[in-house]
Structures are given as C-alpha cells and as structure tokens.
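See below for the structure under consideration.
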Amino acid sequence: MQSAEYQIGNLTGSSPCSFEIHAEAKRQGTIISPTYPGVYPKDLYCSYLFLGKKGQRIRLEFRDFDLFYGGPHCPFDVVKIYDGRTNDSAIIGTYCGQQRNLYIYSSDNEVLVTFETLQRTANTQNRGFKGIFEFSESFVKLDFIVKNDGEHIRGTECDQKILSKKGSNGFVYSPNYPYPYHPKIVCRYFIYGMQDSQNLERVRLEFSLFDIPKGDKGDCSDGYLKIYLKGQETTDSYDKFDHELCGEDTKTSSVVSDGPRLVMIFSSGELQGRGFKAQYIFETEYRVPGTAAPDGSCAFSYQSASKKRGEFNSPRFPGNYPSSTNCTYTFITSINEQVVIIFEQFKVRADSANTSVAQYGFDNCHEDWVEISNLYRDGGVHLIGRYCGATSPGPIESSLGAVGLRIFLRTDAEGVYSGFKARYAFEPAKPMFGDCGQNLSSSDYGVITSPNFPTKYSGPQKGGSRSVCSWFITVRPNHRILLNFDFFFIEGDPPTRGCSAAVIRLWHTLSGLPLEFCGEKPPKDNWQYLSDGNVMKLSFVVADKSVGGEGFRAVWTEVAVAPKTCSEFKCAKNSYCIADNLRCNSVANCGADDSSDEANCKGYAPSKENSSLLLSLGFFLLLRS
C-alpha cells in the first residue's frame, strides 16, 4: 500500500486507517479506502474525521463506490456518515453495494465517516471507495431554512422539508434571502401536508417576491424555480414539472397542490438575483368536484349557467369523510329550471349499534347526517329531509318557485364512514303535477295508481334525469284524508339499498316534512296514513337509472276523525265518519284494519251518486292507461 496516497490526514488511535483531517492543513483532497482499487481487506475498521473552521461546511463526493452488498440495511460491509464528530451524532446515511452520484454535505463544520468490514468466508471482489472532500465557507448557509420552520435534510447542501402542523402556514425563501443568492446551487423544497385517516391537506403557495433573471435567450436556461404539484417526486419524475418560473415578475402568483405534496427545485445559474419569498398555507383538501369557497371552507357551489350536469361527493369519497366537519353544497338554477339530485352511494354514520340499517328523520339521525333543503329568492330555506345510515335517499328535485337546493353534511367527533356520491342535473321545470298526477278535490274518495299500473312503470324520457307524478288531495274543512296503500312494489329496499332509483314521498301537511317509501309491501301489512289537516300531497319520482317495478295502488278517503256525532256512516273499529254512499262500494274506505263499511252488503244497493262516482273514476283510469 503506497503510504502517501493513503495518508489522508493525521493518524489517530491504533487503527492504521483512522484519520483526522483538519481544514487548516488541507482544504480539499482525496478520501480513499485501504488497498483501493484492489480488493479491500476483511475484518477492518477505518474512520475519517473532518474538522473544519467555524462557518465552514464539508462536501464529500464519492466518485467510485463498490462494497459488498448484504441487503438494504447493510449488515456486513458498510460506510456510515455522521453529521458531527462522533458516532453519537445524527447519522446522515448508511451505504453499501454500488453507489452512483453520492454527494454528502455536512450541516456544520464537522463530519465523521466510518468504514467497517466483517470477517467472512465468502471470497468477494469489491474495490472499496474513492472520493474527494472539500472544506468551504461558500456552501449555502442554512439559516434561511431553520429560522422559518423548515428542517434541513441531512446530507444535502440546502434541501429542506416542511411538515404541516394541521392548518399551519409559514414562508419559504431562496438561499441567502433577502440578499442575492449564490450562483451554481440547487436546493429542493419538500412541503408536505397531513394525510391520514382523519386529515387530508393540500398546499397553497403564494409568491410575494420573485426575481430569478432570465438567460440571454429570454428563457429559464440560466436559473429557474420548478414546481411539482402532483407528487412527481415519489416516482423520481422530476422532468414532469407543472411550472417553470424565472424572470423578475411571474404570472404564477399562487399555485395549489393536487394532493398533500408540493415540491420545488431552485437552480441558480451564472446570473444572480434577489430570489423569491413565498407563503405556504396548509389547507384541508376535500376532493369534492365543484366551485370551492375562496376561504378554504368545506363549501361548494354549482351554477346552472356554468354546467348543466355533474357529480359531487362527500369529502375524500370513496375514503372516509373527516369527523367534526360541516360541508355545504349549493345548487342554483336558471329561470324556469329545477335541479335534480340522484344519489349513487350513501353511507353516513347513524347509531353505532345499528349502522347497517337506513335511518331517516330527526328522531333517528343524531350523529352524522345529510340535510336537503329548498332555497328561495328571499333567503328562505325549507327543509326536505334529514338522512343518515347506510342507504340512499330517493331522487330529489327542487320545488317550483325555489331557486335551487342546498345539501348540508354534518359529522360529529366520533366514527366516520365513506359518505356519499351523487349527481346533479339542471333541467326545464315541470308543471305542478309533473308528468302525470292531478289535483283531487271534488270527491269524497279516490284511487291513485302509478303510471301503467298494474304493468310496470318506466323511467323518464330519453335525455331526462327523472319523471315525476304529483297528486294534491283536498277535502272539506274539518275533515282529514285517510290514505291506504293496498298494493306497493317500488324498486329499492330501505334497509339495504335505499330508494335511489324510485321513491314515493307523502306529505301529511304541505308545510311539513315528507315520508319516503320504496320496496315491497307484504300482503298482510297495513300501510295507511292520516293527514294532519284537509290537504295531503303524494309524489312519485323515478330516476333515469330505474329498471321499473309494478308500482302502487292507493285509496284515499275523506274522513271525520272522532266526531261528536256522525250523520253518515261511522266506521266500527276506528270511529271514522265517512260518506254514507261509500258503504258497500267494494273499496276499504274505513281503512286497511276496518272492513265495517264492506260488511253486511248482501242486498245493499249503492246510491246513484256512488255509482256515478265509480263510473267516472273508472273512466279516468281508462284515460290514464
């Protein structure tokens, strides 16, 4: 071994290859393993301690590096580099195998390199390493990083990482800011927002000063700042940058990452400039299509004038939505339009003991919920319903006279679920009764059926997102309406799938909240409902994804509830008072659980008025079919 070549510095200790290298004696030189380029010895320990002056940093460049590779953790032959003077200092890296382009910078004026080989029986042919070292005051000073919440990435000249502290913000600067940066340096900035089961952030970057001179050709060939918004660094795709900035004034004053990561690479050429100053802001990333609120809150708007159809979802769908969150989705129509909402998936946390069952209404939805409301021009808000659980609400359209819909998602501090995915469509407004339906007010009873009953109902016409039938039933004052479904088969199932394809909504009073129905009524079940006053509304909405079903048949009857006296027919079980001419008309006008109006009919002849009503009703049904 030629002693002059391998005498790197002052020998220390008993090892023939442990050295101290002082900047006063040698500002730069060669670092080389014993016997290089021959096979290095086994069972060897070498150390190289570089000691610079105050204000200096040390640069190591390994131009050839070839050690036995025993695995990613280097359990056999290994080079370790420490960011200080002892092996108790923070470690920069552990290296073995073959390395290319290995450059190491100390953070301060001291660095320790150790080289250790083990006694092995295997005969390996590895050269070791050869490189150069340099002490210098000209390497980038790191105070522009540490004073601004950044963390220097050990081993690099000036790379830094900034990790979110949940909604935090701060500033990033070019090296040596506010003074001109030095030429021929490259610094990388890794700015990472939070990403876990409860948090997902994006990074907003806003420049307040920018001065990186352009080259002779007026381009960014001399110096630049490249910005990566899509996590390109995870695949080492640094050639696929989103922005390349240079000049004294850039049009890109603000950029936002697509996900939790934003990376910048600053490269200076021969020309010097003042550099840049930018504020980073960690914002909650909701991943919701739509026009986001400028203040970064979970609020999104959808204007008919901008886009007629689209999709929206709960935050981070299909991942879980965050806890303790309020989100608002606002849909604004144009004149003579309605907006239609059709849910594709829906799973919002209800009672933790029964999360697999659909829930609906204020009595059941106490934890997380979705509320849907009509919006009016005077600022009024009219609630349609509150939903939670594991199944989808039925298709919903804004009311005539409303300017749109508002959907509000509220989550508490407890468990979370995947939320919902839905689509919207702005379409021409339908008449009050929709595609079918009518105003029913001139009789004491009637029959309502789905279109084409008893054959299958169908979905909307081509190009439409829904078909609607609405019936308004009005009876005399001081009377109420008894509605009885004697047949019901609407696609969907509230406990498992919900009513996303088709739904019946029933209003006991026009100012109240509707009930929602779908699925199949068992033949022996009683589905009957009593209005609060003398008006009731029934609406049947079918979405474009409907496959059809047999539909429904419902009988409505004008009744007086518990009157002091009944001058007509009094139902035996429930004491309703109904028109006398409804007796023995082959319709259960007293309700599903009271057949007294159809008892003892042998030899009973209905009145002419009753016969005329049956005839006119049959004619109406014939016309509808």
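For all residues, glycine too, the Cβ spot is worked out from N, Cα and C.
The domain 'CUB' annotation in TrEMBL covers 17-136 (among others).
Here TrEMBL flags 158-283 (among others) as domain 'CUB'.
According to TrEMBL, the feature domain 'CUB' maps to 298-427 (among others).
According to TrEMBL, the feature domain 'CUB' maps to 436-559 (among others). Counted with DSSP, the domain 'CUB' (436-559) comes out as 0 helix, 63 strand, 61 coil.
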Averaged over the domain 'CUB' (17-136), what pLDDT does the prediction give? 94
Please list, for the domain 'CUB' (17-136), how many residues fall into helix, strand and coil according to DSSP. 0 helix, 60 strand, 60 coil
